[in-house]
């Protein structure tokens with residue numbers, strides 16, 4: 001199947017939405033069960049982010065100003081990030097009877113969270129507050145770097161070399177990819193380096209998709225490709241014995257192939273995953289809500305004496321319902337409110353400018 005060029009810009013990747021939802025569940029289960037490499041889902045998110053932003057902005061025929069880009073990213077990321085931060089602070093204080101305290105300072109780290117600067121190298125003693133939001137800080141600042149420095153003319157070889165160099169530094173200094181707040185050489189934040197190494201691969205995945213979509217693929221070829229990338233992904237998530245852990249440094253490359261193959265939406269696995277688009281819609285809420293739900297379920301049901309494995313259905317069910325609510329009442333309204341506020345400000349500015357012209 002080929003996709004008409006006129007349809008590319010309005011195309012929605014439903015299979016990738018489904019994968020994003022599964023990745024959010026993987027992170028939630030990782031922090032709940034701690035028996036598989038669910039943290040790798042963050043690297044998938046960043047590869048996917050590079051792919052989507054390349055589609056939406058880098059290869060868009062409609063130019064966007066830097067101000068509009070920043071506002072669009074804030075509207076997407078900030079409302080739920082702020083809600084996740086405040087809900088974590090409230091639930092932690094309720095359960096522990098004290099406010100969270102961190103070596104880098106409670107007020108300082110809280111301000112970092114508010115400004116999304118909590119994982120750019122300033123908090124050298126560890127993650128703080130709603131800890132999984134470290135990747136939201138990384139995501140936001142990498143998005144700005146992407147907008148400022150990446151162009152259609154940016155060499156694919158250059159992007160690949162940046163990724164390889166970043167991952168080699170991480171592997172040499174850490175031995176695996178699971179690094180977040182640590183600073184290398186006192187100036188390079190490992191979370192930012194990890195994020196950029198995955199993000200640029202997402203741009204390469206999009207460029208690969210632009211080429212692959214023009215080819216008439218045989219059904220068997222697509223099925224084999226889906227099976228191979230899925231097996232590689234599952235191996236990275238679950239084969240963690242002995243020396244296998246060090247292989248997680250290759251996860252961004254596996255996720256690049258996964259995104260490219262499933263973005264085509266030609267095979268049976270992609271068509272199956274498309275049915276989980278609803279899960280992808282609430283994936284951001286799942287990601288930022290899961291620690292709060294984890295604390296409440298873990299503490300509230302501790303008297304039952306059940307293992308985490310036994311409580312998993314309650315944990316996941318509660319998380320899904322709660323995330324549906326926050327998606328409906330926090331994410332969407334928050335994004336719309338920011339868009340309206342910016343639009344109104346521009347309208348007021350336009351009226352003031354016309355008034356100045358009439359008076360002059």
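Backbone N, Cα and C define each Cβ position, glycine as well.
These figures come from a predicted structure and were not determined experimentally.
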Feature transmembrane segment in TrEMBL, mapped to one of the ranges 278-297, 338-357: 278-297
Students should find that the transmembrane segment stretch in TrEMBL, chosen from 17-35, 36-54, is 36-54
From the ranges 157-175, 176-194, pick the one that TrEMBL records as transmembrane segment. 157-175
Can you tell me which of 75-95, 157-175, 249-266 gets the most C-beta pairs within less than 8 Å of the transmembrane segment (309-330)? 75-95
Contact between the transmembrane segment (278-297) and the transmembrane segment (75-95) is defined here as three or more C-beta pairs under 8 Å separated by at least 6 residues; is that satisfied? yes
Given pairs 6 or more apart, does the transmembrane segment (219-237) have at least three Cβ pairs under 8 Å with the transmembrane segment (249-266)? yes
Where among 36-54, 157-175, 249-266, 278-297 do we find the most Cβ pairs under 8 Å to the transmembrane segment (195-212)? 36-54
Find the member of 36-54, 249-266, 278-297 that has more C-beta pairs under 8 Å to the transmembrane segment (157-175) than any other listed stretch. 249-266
Mean per-residue pLDDT in the domain 'Acyltransferase 3' (14-323) works out to 95
Give residue numbers and ranges for long-range contacts of the transmembrane segment (36-54): same chain, 6 or more residues beyond its ends, CB-CB under 8 A. 13, 16, 19-20, 23-24, 26-30, 135, 138-139, 142-143, 146, 177-178, 194-195, 198-207, 209, 236-238, 240, 245, 248, 251-252, 255-256, 258-259, 263, 287
